[in-house]
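Sharing a structure here in structure tokens format.
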Amino acid sequence: MNYFPIFANLAGRPVLVVGGGAVAARKISLLLKAGAEVRVAAKHLNAELSALAAENKILWLAEEFRAEHIRTVFLIIAASSDQALNRRVFHLAESCQKPVNVVDDRDHCSFIFPSVIDRNPVQIAVSSSGSAPVLARLLRERLEALLPPSLGDMAEISGRWRDAVKGKLKSVTERRRFWEKQFNGRFAALVKNRQNTLAERELAKQLEQNYQGGFVSLVGAGPGDAGLLTLKGLQEIQQADVVLYDALVSDGILSLVRRDAERIFVGKRARGGRTPQEDTNALMVRLAREGRRVVRLKGGDPFVFGRGGEELETLARHQIPFSVVPGITAAVGATAYAGIPLTHRDYAQSAVFVTGHRKADAPDIEWQTLARSRQTLVIYMGALKAALIAERLQQHGRSPDTPAAVISQGTLPAQKTATGTLANLSELAETAPNPALIVIGEVVGLHEKLAWFGENAKKESNPAEHAYFALDGLGTGQEQQAA
């Protein structure tokens, strides 16, 4: 963090602006909106500033800048066309420990101006730390388009009702959940339609009927890249009181969780320790019964080998209300980032997803079905049984020359794709770090041509015979989107 984001209360505070031209006028316009007492040090003013001085909206000192002008002001802005003067202002302000900004000269600023989205009293500031002001402006324009003009009205109405809500709902958690519900419900829709009177009636009604019970959201976190989390999923984790997450949820996803939410790891891996599923189920029920908003955050999609169905059965049995937010499953995300299409008119007319980690009493796998040609087979959690998988598929007719891949840490910067054939699948799996996904089928042969993730999609040798690695993901999904 190059700059600490802070909002300053300038109402009634003296602010010195050095310069009387168009640049100074732009800064003065913003300062006046904030209620600052603006003093202008310049021998001449342009027409816009002359009009403001004539209306007594600014104090024109009618002289060139002098060191004495700094003594009694709160902060200083140097906006003259004289660079030497601007830098002199900077050094004098620094010697007095006064905040100072020299316009368009980042090296001579103790603070900088962000791009601002103004929905008074709501304000959003966007900054590139002075590195890319055009990028900051473009981001501001996008945010302007997303945020309704009624946002300010919503904040003002909420402010008027704040004491009433505080009197009715005693805990911070209750109040936060109440407001989150209003800002995502009918109250917000009424304000957006400029029906403010009806909106306040809706607030009164909701406050009287406020539901205090807990709730569980089962959220799919996607395959790893935070940019692949759904918008609904993001909303849920930012409204949660507590998040129960597993080992497949990436750090990038966890960084998006509401900062004051409690985080509890309930993960499990095939090679390591585990939290028993029964304990996770019981924990969800207990937290919901405490009146908390719980998010059960699971890697990939919760209903694709994620035991999400079992967890919801528990919630339903205990009459805990819940919702489900699907996620991009690893088979879809990791193969896309590896340049391996799951289906292709020339190679595969179907795709089959199976798990290599089953219950002890599960029925036998239909290997004959899995060994069919012209289909793509994707195996989750199969790295430990890669040798058995390859053997059984070949026994049931799949050619040992069938292309195969093991994708590790799919969609993350460290993603690696090892390719070879069914004959050496076990060697590929042995060298692949977890979590790993096995892909078998002719479409794997397209990887070398279609690999795109990472700036250069570089290749490096693999000690396993007939195999290679593609070093994918030199940057995160967020960076690619921002670029």
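Backbone N, Cα and C atoms are what each Cβ position is placed from, and that goes for glycine too.
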Where Swiss-Prot shows Pro223, Gly299, Gly300, Asp301, Val304, Thr329, Ala330, Gly410 binding S-adenosyl-L-methionine, which of Met154, Met381 is named for the same site?
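Candidate listed by Swiss-Prot for the same site: Met381.
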Taking Ala22, Val23, Lys43, His44 as the record's NAD(+)-binding set, what's the max Cα pairwise distance in Å, rounded to a whole number?
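Farthest Cα pair among residues binding NAD(+): 15 Å.
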Limited to the region 'Uroporphyrinogen-III C-methyltransferase' (214-483), I'd like the whole-number average of pLDDT.
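Looking only at the region 'Uroporphyrinogen-III C-methyltransferase' (214-483), pLDDT averages out to 86.
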To the nearest whole angstrom, state the Cα distance for the pair Gly410 (S-adenosyl-L-methionine binding site) and His44 (NAD(+) binding site).
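Gly410 (S-adenosyl-L-methionine binding site) and His44 (NAD(+) binding site) have their Cα atoms 63 Å apart.
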Reduced to three states, what secondary structure does DSSP give Val23 (NAD(+) binding site)?
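Assignment for Val23 (NAD(+) binding site) reads helix.
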Name the one residue among Ala22, Val23, Lys43, His44, Asp246 whose Cα is closest in three-dimensional space to that of Val304 (S-adenosyl-L-methionine binding site); these are the recorded positions.
Asp246
